[in-house]
C-alpha cells in the first residue's frame, strides 16, 4: 500500500468516522459501487481524502465542470502535500469543433486555442500514473475522450541514467520522433537543445528543465534546473522523458494505417458514387488524399484525430483508450456531485455522434471518424474498477447499483442544522419576501432568491432595487470571472441579495447566506424537482439561522419529499448535538480566492488609473459593432471589446451555435488586425 500522507488540522467528527469506516470496508471488501449521501457542509471532501488514504489506491476524482474540479484539486492538495494530486481537464481555452450546417451549406473548420499550462498538467497526470501509486487525479468529464495508447506512450519514453554510455545522435532522434523540437537558442516545454556536452530538455509535463551532462558518450550527471535562472534544483540518478504529445504512432503502425485509410476511402467512394452523391464523393476524395499525403510525408495532418481508429489499430466500434486506461487495474473512482456527473457521461457521446453523422453524410469525413469519440456511458462503467458516488442528492441509478451500500453523512462538524423550511402562499409573495430581506440585511446576513424564468428574475431584481435593496442578478450570459466576482461581492457584503434562475450549478457554499427563497415552488419541473429543491434548500445550510422559504399554493410530491428529507436530517443533527452538548457555530470559511485577488488589483487599477472608463467605452463599442460592423471604434476600447466578443464566441460554441461562433471569430480577427495597424 502506498504511503498516502493525509495532513489536516482536524480529525473526523460527527458521522464522518462511520461513513469513512463503511466506505473503506466496502472498497477493501471488493464492493463495486457505493454511495456517500452527504449533506451540504458535512465535509464530504475530507471523507473522500480519508477513504483514499486508508485504501491506498490510485484514485480518479471526477467532477462535472472545470471549476469544481479546480476546487477539489486545491482541497486535496492541502490534504496530501507530499503525494501526487494532479489536475486533468480539457486543455482548450476555446474549442469550436468541425461542423457542417446543411441548411445554409456552411462548413466550419475546427478552431481551437490550447492552454499550455493545462496541457502540462495533463502530461503530469499521466507521468505520475506511470511512476508512482500514491496518485490522485482530479478530472472533468473530458477524461472520457481518447488519449493515445498508454502502452505506446510508455514504450516511447527516452530513458537517461547516470553512468550509462549513449549514442547521443540516436537519443536526439528519439526525442524528435516523440515530437520534441530542437531549438538551440530558446529552450521551452516540448523543446531540447544541445550545446557541447550538455543536453537540456523541456519535458512536456514539467516547468523545470532536465539537464543531461555528458563526458564523451557517458552520462555524468542528470539535474533539474530552473529554466530562467539556471539554478540547480535537484540531482537525479535516472530520468524518463515521456513524449511531448499523448498520441504516439510508431512508423510501422503509421504505414499500416495509411493503407487502411486508402482502402476505406475506396469503399466509401464506391458507395457515394453508387448513391449518386457525386459532389460528396469528390469532396471526400480531395480532402482525404491531401490528408494521406501529409501523413505520409510528416506523420501528421490537420484533423489527424479523425483517423484515430486506424492509427491506433482499433476495430470498428471499439472504445478509444482514455485517461482511465493509464490507471492500474485496482484504481478507485470517486464521482463528485454524482447526480449531475453520471448523466453527463452518456450525453457527451450522443452530442458528438450527432455532429459527426452530418460530416460523414456530406463527404467531409470517412465513416471511421465516428470512432474518434468519447466513451459511451456503458463503456465507461465497464472500465471503472470500484466506484464511490458522492452527492447530497444521489440519483436513482447510483442508489440502485449501490444496493444497500449507502453511507450517510448528515452531521456537520460545526453543529449547524439543516435550514427550517416554511411554505407560504404565493399571494403577496414579493412583498412578504421584501420584509424578510430587510430583516436579514439589518443583521448583516445574505439572501438567495431563485425564480423560474429569466424574465421573472429581471423583474424581481428591478422591484427590489426600486425599494432600496442592494441586489444583483446572476444569469447565464455573465462570464465565469464576473460570476466569481459577483459571488465574492455577496460574501463581502457589497450587496445583500442575489437573484437567479438556477443557482444550483454555481456550487454556492456561502456561510453568510441565512435565507433561501424559492418562488413558485409548486411548479413541477427540473428546477422544482425533489433533488433540485433539496440542493437549493441546502444553500442556507451553513448558517446557524438558516431558513428556506417555499412560496407555493399547492404541496407537490417533490416539495413533500424535499421537506421530509430536510426534516429527517435536521432531527438527526439535533439529536446528535443534544447528546454531545454541541452548540452550533458559524462556519469560518474565509472569503478569499486567488482569482479574485487578481480581480481586486484589476478593479483598483480601473478606479485609480486614467483608463477607469474603458469598460463602459468597450460596452458601447460592442453595441455599436453589433449595429454596424464597420463603425469607427477607439483603439483603446478594442482590447476590452475583443474580450467581450471572445466570451460570446465561447458561449455560442457551448450551445453548438457554430455559425454564430464562426461569425464572432471573424469579427475578432478583424479587430485584432485593426489593433495591429
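Keep in mind that glycine also has a Cβ here, set from the backbone N, Cα and C atoms.
Of the listed segments 19-42, 43-66, 67-90, 91-114, Swiss-Prot assigns motif 'Beta-hairpin' to 91-114. Beyond its flanks by at least six residues, the motif 'Beta-hairpin' (91-114) meets 122, 302-303, 355, 358-359, 362, 364-365, 646, 649-650, 653, 658-659, 661-662, 665 of its own chain at Cβ-Cβ distances under 8 Å.
Mean pLDDT for the domain 'UVR' (639-674) in this predicted model: 73.
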